[in-house]
Amino acid sequence: MPSIHPLIDNGITKGDEHFKGGKLYCHCPSNKVEVTLSSNVAHNHACGCSKCWKPKGALFSVVGVVPVDALSVTANGNKLHVVDSSAAIQRNACKDCGVHLFGRIVNDHPFKGLDFVHVELSDSKGWQEPQFAAFVSSIIEQGFPPNQIDAVREKFRKEGLQTYDVLSPTLMDLIATYTGQKSGKLSSKL
């Protein structure tokens, strides 16, 4: 089976609940883009969508979120560009090596105020481990053989990760709550 993701293939390393953050780096050999996170990530998960950056050969990304005010570009920010300005998540990638350093939502959205990051871009240890796998069936749209998808789901199960073809129930509930509040069907003070 191809690589699920380097952070998952050989077993998941538990994170440190007291971890305070660290630096992310692009893959350039010099003049690396550096992003500093002043907190650990939340909702860290494997994602099979076609938009997320994935390490070479991996079927999934591993992506978590931090509050926008916990992220700062601390070196070579001039090398960043937005990959797709029409996407809900504005993925900021290095122009030279193509690595996505962070994704920011700029329009009205349930997750506005959170930045999406890939902790494998850090040398620091202690980041929250993956909590679940999302958009699993989306790898089929990208060319993965449908008759092998059950083996992918089984690999996640063996690692203790629940698989979804959307986000986790908690995140889907947050989206539904946001949508209900925006439509006026739910009180804005829950």
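Note: Cβ is positioned from N, Cα and C throughout, glycine not excepted.
Secondary structure from DSSP puts Cys28 (Zn(2+) 1 binding site) in coil. Other C-beta atoms found within 10 angstroms of the C-beta of Cys28 (Zn(2+) 1 binding site) number 16, with every protein chain shown included. Annotation source Swiss-Prot lists Zn(2+) 1 binding site at Cys26, Cys28, Cys94, Cys97.
Cβ neighbour count for Cys52 (Zn(2+) 2 binding site): 21 (other Cβ atoms within 10 Å of its Cβ, all protein chains included). What Swiss-Prot records for Cys47, Cys49, Cys52 is Zn(2+) 2 binding site.
Sequence annotations record features per position, and here Swiss-Prot assigns domain 'CENP-V/GFA' to 19-165 based on sequence analysis.
Cα to Cα, Cys26 (Zn(2+) 1 binding site) and Cys47 (Zn(2+) 2 binding site) are separated by 20 Å.
Taking the Cβ of Cys94 (Zn(2+) 1 binding site) as reference, residues of its chain lying under 8 Å away and at least six apart in sequence are, in sequence order, Cys26, His27, Cys28, Val33, Lys79, Leu80, Leu101. Of all the binding-site residues in the record (Cys47, Cys49, Cys52), the one with the smallest CA separation from Cys97 (Zn(2+) 1 binding site) is Cys52.
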